[in-house]
Every structure is written in structure tokens, then in C-alpha cells.
Amino acid sequence: MEIIFTKLFFFVIVLLATVNLSHAGQKTTCVSLKHRGLRLCQNLGYNATMFPNSLEHRNMENASTELDNFLPLVKIRCAKEIEFFLCSVYLPVCLDSGPLPPCREVCERAQRGCIKLMTQYGFPWPEYLRCSRFPKKVEDRLCVDKPFKEPGTNGNNGNNGINTGGIPVNPSHNTTHATYDDYRCPAKQQKETKHYKFMGTEKCASLCTPIYFTHKEKDFARNWVLFWSVVCMLSTAFTLLAFIVDMPRFRYPERPIIFLSGCYFIVAIAFISGPVSDNAIACHKTDDGTQLLNQGTDNASCTIVFMLIYFFLMSASIWWVILTLTWFLAAGLKWGHEAIEGSSQYFHAAAWAIPAAKTIAVLAMNQTDGDILAGVCFVGGKNVNALRGFVLAPLFVYLVVESFFLFAGFISLIQIRKVLKDDSSLRAEKLTRLMVRIGIFSILYSLPAIIVIACLFYEQTYRIEWDSSWISAWLTMLGKCDEKVCFEFSGKSRPDFAVFMIKYLMLLMVGITSGFWIWSGKTIQSWRRFYYNKILHQRVPRQYYESKDGSVFTARTNLT
């Protein structure tokens, strides 16, 4: 047994000697603070640091990367000495005697100013920065300090050397524009999945609050979306019922209007679900009760609502392109109803397959996100590239294509009208009415589409600027706000609330005006015929008849 202990003793001695020799062989080197990747510690009164430092960092990259974690604290200046203290730990003054630690008094002042804020957002004061690890400012041990201006003093105590045990330096703070790198995700917003992203930070979710707008604006937006969604639903329902009552009346080239109305009917119902369900679709609750905005496909209700809105909105846009195409085929190429209807399978393939492929792509890329204003889920709310690729670009392409077919069709109708200008027959009169109806309906679709594209372009252009200003406001307010108001937007660059309200209205406007095409005497006659034949099981009375121009008259009787 004694031999074993003896061998173990010598083994420990050799091991300690090896470790000491390895550390003894390490040579400290001075490195300039004028480093391209260094964002802090540029104006501290010294221009060189040393490696390895007391935290065993070997180079500037390792030290600056870890130091950047404290950038938000430096930005808001929760303590005047916070930057000086951190820099004296991570990037100490270069001296031959080794790293010069900060004085304990510096640490205590920095901790006193920032500990409450860090704890509030789930960041404990690091153990390696515990103030008891640093020396007090005494005569027999050097440490670095800076002049501290006590209340009621001018801050000039004449200590320009180290006669008080500290080496004073005078930092200056540079104000810079906030970027995504300045944001640090609070603990209660952190997620395990990477598709959550907030202010450029992965695995971070946004709180279920309107960061760009106030709560009053959010409440107004919910009521605004609900009202126009109900109007859109009723208008499209009327169009669909008119089609069901008299299907043979709606042939190509007008038939795509029915499918377009059906798409907007479903879009309206999906939009209604947002305000009605409060935050149940756009947001979810964590285990600790925190409400976070949905992102990705984790939430089933959010995913379903997104699919309904996005798929049928894109499908409605394609049906409008098909409508202009069929008008062009009928007016420009003189195709008949049967010829156009013979190609209907290709129309359906394009109108349903293309939106389906785009919807699957969005889901596969986890680009869905909650819309806090409307209470629904869509795409592009957090990712500008997704907004451009899946919403803005397709809508722009559809608008260009339909404008081409619409223009070509109008040219053809004008030429036909010139041929029939001397014809006073019913054909010329009907053609004139058709041109007017097509023109009005084209404006009712194209104008909202242009406005929606303009709103989306405005949103994608200024999104980064809004985020930057929000981060600046967040950094400013972080130490003096409560949870209810801290995450409301208060920066200088703020999105125009009216633009978002116009966007929601214009998204639904096409569905609202879809009934324009069926607002005629024929519709009244169809409903009357349906009422007598299907409800009363009687023939339509002879006093009701349809004139040659499609208007409905009531024959005079002895009672009138």
C-alpha cells in the first residue's frame, strides 16, 4: 500500500510540474485595439491589450466575440462603468507584469447598475465576473480604475496616476445606429426550433404584442378586418348563389368570375376567423403563460388559416388572369363558348396547381408567421425575402400578364365596335354594354391589385429600417419599462398604420366588387324563376317576362 501511495505522489508531482511548465512556456503578446472586428473598447485611454488574458482567450477574435454578448448593456449604458469594466476584463492593459485586473469598486458599480436589468430578462450575472474575484483599490496591489463622478462633485479629483491604487482612464461612448446584432433575445422568448426568428435572432419568437403599433391600433385593425371580411363574404356568397340558381347563364368567358368569387369567399371566412378567435390563431402560449407569435408549422390552426388565405388568394389572382385570357380569346381571336370551354381543364390545372406548389414551398421552408394586426397567419411577416418571393413577385407577374390580355382584348373590342358603328341593331348595343362592364370590372380589380402591390413594396422597402428603430427604442426603454409597454414601438422610424389598413381592404376589395358582374335584370329574373319553380313549385306568372335587352318588367294589371 505504501508503494502505491508513493507512486501516486510522484505521479501528481510530475503532472503538476508538466502543467506549470506548459503555462510557463506561454508568452504574452501585446495586440493593438485598432482591430477591424472590434466594436467596443476603442476609446478607453490605452491602445493595446495582451493575450492570453485572465479568461484564457488566445486572440482578439475569441475575446471580441464573447464581449459582443454584452453589447446591449453597453448601448443602453445601464451603468457608466459597464464598458470600461468589461474591456478591462476581456482586453486588459498590456503590461510586462501580466494582465491588470479591474478594481472591485469598478465591478460593484457596474453590477449595481446592470444586475437588475439582466435578471429581469433572464441573464444572471456571470460567475467569472463576480466582484469578489477582483482586488480592492489598495496601495500594495495594482488594479485599473476610472474616475467616478460622485453626486455633487465635478469628477476631477486630481488622480491622474496610480497613487490611489487604480489606473484611471477616460472612456468616451460613440452613438451608432442600432442593428440586428444589438438585439439579445430575452429568456422567455427563446425557442428550441430554428425557424423562429425575431429581429435577426434565430430561435427567438416575438411577443404577441404589436411591436410597430399601439394596442389601440391593433384593436381598430381587428375590427376593420372583421367588417370588410364580412362584407366580402356576403358579396361573394350572393355571386355564388346566383351561379347555383342559374348555372347555364354563366358560360365562358364569364365563368372564371364564379371561381374567383369562390376563392374570395373562403379568403373572407379565413380572415374572419382571426378577429373572432382573438389571438388563438396568430399566437400561442408557452408553459409559463407567455404569449408568443406563431412561426412555422408548429401550430395547426395557424397553418390551416395560412393555407386558406394564401392558396385561395393566389388562385383568385390566377383566375383573374384566366378571365382576361378568355375575354381576349373571345374578342380578339373570335373563339366561341364551346372552344374556350374545351380548354377549361388547362385553366383549372393552372389555377389550382400553381398556388398549391407555392403553398407547399412556404410550408416546407417554415415561412408562415402570425399577423398580429389581423389575427391570422400569412407569409412574409418576419422575412422580407419570403414576402418578396411568395407574395410581391407573383402578384406583380399576374398583374402584368392580365394587363396584357386585357389591353389586347380591348383593342379587339374597339375594332369590332368600329365595324358595327353604323349598325343600330341589338348586337352593337350589347357589345357597347359589354365593353363598359369589362372596363369597370377591370378597374375594380386592377386598381386594388396595384394598391396592394404598392403597399407590399412599401413594407418590404422599410422593414429593416423599422426593425432598426425598434431595436433602438428597445435598448433605450429596456431599463425603464414594464412588460405592457416595453415592446411597443416608440422609435423615430414608424410604419404608416393607414397603409396597412388600406392593404387589408384592397386584399378583399375584389371579392367585395365581384357581384358587380351579376348586378342586372337577368339576376332578378333568375331569382324569381328559382323562387317560383323550386320553392313554390309553380310556373313563373306571365306578368313577369324578360325583354330583349335583358331587363325585367312587370306587366300592368288592373291593380296598378
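Residue numbering: from 1, along the chain as shown.
Quick reminder: no glycine exception, Cβ is built from N, Cα and C everywhere.
What TrEMBL says about this protein:
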type	residues	note
DISULFID	Cys41-Cys87	disulfide bond
DISULFID	Cys107-Cys131	disulfide bond
DOMAIN	25-146	domain 'FZ'
DOMAIN	218-526	domain 'G-protein coupled receptors family 2 profile 2'
SIGNAL	1-24	signal peptide
TRANSMEM	224-245	transmembrane segment
TRANSMEM	257-276	transmembrane segment
TRANSMEM	304-333	transmembrane segment
TRANSMEM	395-414	transmembrane segment
TRANSMEM	434-459	transmembrane segment
TRANSMEM	497-519	transmembrane segment
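Sequence features annotated in TrEMBL and their locations in the structure.
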residue	record	DSSP (3 states)
Cys41	disulfide bond	coil
Cys87	disulfide bond	helix
Cys107	disulfide bond	helix
Cys131	disulfide bond	helix
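Neighbour counts of Cβ atoms within 10 Å were compared for the disulfide-bonded residues Cys41, Cys87, Cys107, Cys131, and the top value is held by Cys87.
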